[in-house]
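Heads up, the thing below is written out as structure tokens.
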Amino acid sequence: MDTPSPDAQGHTQQQNNMRQNIGPKFCRECSNMLYPKENKVEMALMYQCRTCSYTEPATSYCVYRNQLASSAGETAGVTTDVGSDPTLPRSNKQCPACSEMECVFFQSQMRKEETKMKLFYVCCSCGHIFE
């Protein structure tokens, strides 16, 4: 028997499908929302309509997933005039856009566990942001 191969994050195809299918479910008879309910006799998770009592078995044990998505990027809040900030450290790394040798640098603004320390450079002449 073959075992499913995991993707880059270690999740199988079945786990990925279960993640994508989590969302509101609707009644096939009256189009109202279905709510999770326990079937105590069969010890199974069901979805039931509160209006017409339509019931269907759940395809996943997860009924809600709160996915926090950060809209702020790694260089959030960085403007092109950051090069004139005297408090930022300076470097003589060459800018790939204009070949100027003076730039300021700062650490990545992402606050996640898996984010490594990444330095970003901003050219003092043209404001180009690069790594």
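Cβ coordinates are placed from backbone N, Cα and C, and glycine is handled just like the others.
Under the heading zinc finger, TrEMBL lists 27-52. Restricting the average to the zinc finger (27-52) gives a pLDDT of 92.
Annotation comment: TrEMBL describes C27, C30, C49, C52 as Zn(2+) 1 binding site.
Look at TrEMBL and you will find 91-131 tagged as domain 'TFIIS-type'. As a summary of secondary structure, the domain 'TFIIS-type' (91-131) carries 0 helix, 13 strand, 28 coil according to DSSP.
Taking all protein chains in view, 12 other C-beta atoms sit within 10 angstroms of the C-beta of C98 (Zn(2+) 2 binding site). Marked as Zn(2+) 2 binding site by TrEMBL: C95, C98, C123, C126.
A Cα-Cα distance of 61 Å separates C49 (Zn(2+) 1 binding site) from C95 (Zn(2+) 2 binding site).
With a 10 A radius on its CB, C52 (Zn(2+) 1 binding site) counts 13 other CB atoms from all the protein chains. Using Cα positions, the member of the binding-site residues C27, C30, C52 nearest to C126 (Zn(2+) 2 binding site) is identified as C27. Sequence-distant contacts of C30 (Zn(2+) 1 binding site), defined by Cβ-Cβ distance under 8 angstroms and a gap of at least six in the same chain, are C49, T51, C52, Y54.
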